[in-house]
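*Asks:* Here you go, one structure.
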Amino acid sequence: MYHLWIKCLAAWIFLKRFNGVHVMHAKAPMYPNEPFLVFWNAPTTQCRLRYKVDLDLKTFHIVANANDTLSGSAVTIFYPTHLGIYPHIDDRGHFFHGIIPQNESLTKHLDKSKSDINRIIPLKTFHGLGVIDWENWRPQWDRNWGNKNVYRNRSIQFARDLHPELSENKIRRLAKAEYEKAAKSFMRDTLLLAEEMRPDGYWGYYLYPDCQNYDYKTKGDQYTGKCPDIEMSRNDQLLWLWRESTALFPNVYLEIILRSSDNALKFVHHRLKESMRIASMAREDYALPVFVYARPFYAYTFEPLTQEDLVTTVGETAAMGAAGIVFWGSMQYASTVDSCQKVKKYMNGPLGRYIINVTTAAKICSHALCRKNGRCVRKHSDSNAFLHLFPESFRIMVHANATEKKVIVKGKLELENLIYLRENFMCQCYQGWQGLYCEEYSIKDIRKI
């Protein structure tokens with residue numbers, strides 16, 4: 001009886017300490033002792049090769065492809081025309097491959113996809129991010145609103161042509177069922193093929209999950225940022241997709257209307273919160289790694305994020321427990337020498353220094369709190385605790401000469417710093433480790449790895 005009471009007390013302390021939140025194990029980081037990674041996924045090759053402008057990505061510990069290409073060993077993104085025969089209508093109204101998934105051969109698509117993967121990712125030991133960017137239609141019928149409604153209309157006409165004898169209600173039901181079945185097969189089987197061919201990669205679809213919390217334009221001060229219940233329910237229905245994914249790739253692109261506003265943080269926070277929820281429900285043994293797509297400039301502009309919005313995007317992403325952030329950019333970044341210099345100036349200023357701040361702080365917390373065997377995650381997801389270097393204890397120093405540039409972080413973690421981390425963060429242990437501070441081997445988890 002005494003031992004039972006002790007066990008109950010320990011369980012109560014555990015739940016109270018961690019706010020009653022069950023934290024699943026995490027997959028070990030892509031690179032050892034790097035709990036939070038920053039990737040560069042912008043086509044800035046011309047800056048280096050044509051304009052001789054080095055963006056100094058390595059200086060600030062940013063993971064990038066060779067020569068800063070859009071696709072390579074670190075991250076490869078597949079657009080609609082790059083992988084298989086993806087049926088869709090493009091932004092200019094051009095039709096491709098039967099338009100709707102039920103009107104195209106899945107077998108032909110997978111055969112072409114196999115060839116494309118071998119061509120674009122020749123390395124069979126590919127260990128980077130494999131991102132499939134299919135945004136033209138969504139696999140759920142009810143989510144094809146607005147300009148995507150054309151896929152519903154085409155599906156209805158397709159069913160009507162095949163079954164003219166059916167009533168209109170039956171045709172609509174049939175169209176929905178056939179569309180969702182074919183869309184699911186296209187997305188699921190493409191993912192399975194990619195994972196079979198390049199099993200060490202981190203595979204998933206860009207903008208999945210989404211939570212459709214874009215109503216900041218109409219709500220103003222009434223905006224909460226919360227994902228609508230119906231959208232969270234629809235995400236639950238995509239369990240088949242989450243189970244086959246090996247990573248999630250949501251986005252937190254900020255429009256300029258959100259610049260340095262409370263709404264920006266609400267927008268980002270709830271998108272991340274939903275992504276972490278999905279990551280924890282996909283599998284029984286570990287939470288999927290979440291790599292969050294962001295832009296270093298406001299969407300549809302060439303204006304850099306403010307310091308406040310760097311915290312809102314990069315800082316919030318790290319504090320919520322994501323595995324990393326991926327900076328996406330357009331051809332505009334490398335369109336002229338002036339564009340390249342603008343990106344470089346921002347990189348050598350607020351952007352680069354903040355990246356060093358957060359990635360180093362995440363590593364320090366992992367070392368100090370989680371014995372290097374886990375990553376630090378907010379105890380209370382809605383708190384304003386961030387993984388930042390303590391300014392009274394650490395300094396970021398940049399040393400440059402004619403041939404190279406180095407960033408050095410000097411300082412040490414003081415007792416009061418450690419107390420702050422323990423009060424505000426908890427450990428999400430990597431597979432193979434357990435305990436409050438990931439200090440114990442977990443034989444059960446090791447066998448699953």
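Cβ atoms are placed via backbone N, Cα and C, with glycine included.
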*Asks:* Just choose from C370, C376 the cysteine that Swiss-Prot connects to C427 via a disulfide.
*Replies:* C370
*Asks:* According to Swiss-Prot, the disulfide involving C429 connects it to which residue among C376, C438?
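*Replies:* The record-listed partner cysteine is C438.
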*Asks:* Closest to C227 (disulfide bond): which of the recorded positions N153, C376, C429, going by Cα position?
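*Replies:* So, spelling it out, the nearest of the recorded positions is C376.
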*Asks:* How does the domain 'EGF-like' (427-438) divide up by DSSP, counting helix, then strand, then coil residues?
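*Replies:* Reading the DSSP string over the domain 'EGF-like' (427-438) gives 0 helix, 6 strand, 6 coil.
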*Asks:* What average pLDDT does the predicted model assign to the domain 'EGF-like' (427-438)?
*Replies:* 97
*Asks:* Would you mind sorting out which of N67, N153, C340, N401 (the recorded positions) have a C-alpha within 10 A of the one on C370 (disulfide bond)?
*Replies:* none
*Asks:* Test of understanding: give the count of other CB atoms lying within 10 angstroms of the CB of C376 (disulfide bond).
*Replies:* 29
